Amino acid sequence: MARPVVGLALASFAAFSLAVQSLAVRRATRTQSVAALTGTVFAVNVFLLVPVTAVRHAPDYGLTARSVLAFAAGGALGSLLARVALFVGISRLGASRAEPLKSTFPLVSVAAAVLVLGDRLTVPLLAGVTLLVAGAVAVSWDARKSGVAASGRQAWVDLAFPLAAAVLLGIDPVFTKTGLEEGTPALVGVTVRVLAAASGFAGYLLWRRARRRGTGLTRPTRWAVAAGLANTAYLGSYLAALSRAPVSVVAPILGASPLLVVLGSALFAREEEVTARLGVAVAVLVAGVVLIVRG
């Protein structure tokens, strides 16, 4: 099988894994706190990634001081803060609405490229940004119209969590790119990211214990473990896809994951209240993501 075809299959599996993660997070947060869920996901990440990385790349991991700092910063932004913000958003809005809003992160990347790096704003990029904004507004409006989001100021607070995740994920690639430019293997970089993020989360738990607030950790549920497995599968398949197919092929496929979330919610999570207008809004948003990536 040709490498691009394998890359296409891996990218599709990565998108599927993202959708499974969102649906599992929704189920998990019905019975346990976001802190407990986050701890379980990190535990699964570390348990699976560290041994594989050690076996594949020992004794030379290709790390430099610059790459370690870059991956650690990316981990703090994308693997810790963005993850927690997304999980909170899913617990409040549901996977079918939080995941599409999180997927607006290309807006941040485009804004940074145009305003900071001086990149030219092309017609496809402008069209993609327009569709992405329109889709995000429509998803937010649907969340309020369907009664999923709270009313008044609380509604904006609920919507802010997945949007904050989008901002953090939009900044994250700057650090990831810096680390990869040092020649560090992608798998090693991801493992450093996860270890840094997990360490930051452990520090937060120790702080809570010192303040005598408790850690908030409970016994892992099967849905929390499923979310951790899906997240780890996404990380592995995404990196493998990028090594076999161009970004212009992989990224649009990943951008379609919100459609899978909406479909999965309609089939398996009836409490999500999936509406026809939500499906249209997500389709518009995904079209915007594809245009931005290809623009």
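Cβ coordinates come from backbone N, Cα and C, glycine included.
Some features that TrEMBL has for this protein:
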- 7-140: domain 'EamA' (DOMAIN)
- 34-55: transmembrane segment (TRANSMEM)
- 67-90: transmembrane segment (TRANSMEM)
- 125-143: transmembrane segment (TRANSMEM)
- 155-175: transmembrane segment (TRANSMEM)
- 163-293: domain 'EamA' (DOMAIN)
- 187-207: transmembrane segment (TRANSMEM)
- 223-243: transmembrane segment (TRANSMEM)
- 249-269: transmembrane segment (TRANSMEM)
- 276-293: transmembrane segment (TRANSMEM)
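Tertiary neighbourhood of the transmembrane segment (34-55): same-chain residues 25, 28, 61, 83-84, 87-88, 91, 187-188, 190-191, 194-195, 197-198, 201, 205, 215-218, 220-221, 224-225, 227-229, 231-232, 235, selected by CB-CB distance under 8 Å and a gap of 6+ residues from either end. By the Cβ criterion (under 8 Å, sequence separation of 6 or more), the transmembrane segment (125-143) is not in contact with the transmembrane segment (223-243), since fewer than 3 such pairs are found. Counting Cβ pairs closer than 8 Å to the transmembrane segment (67-90), the top stretch among 155-175, 187-207, 249-269, 276-293 is 155-175. Residue counts of the domain 'EamA' (7-140) by helix, strand and coil are 111 helix, 0 strand, 23 coil (DSSP-based). Mean pLDDT across the domain 'EamA' (7-140) comes to 87 in this model.
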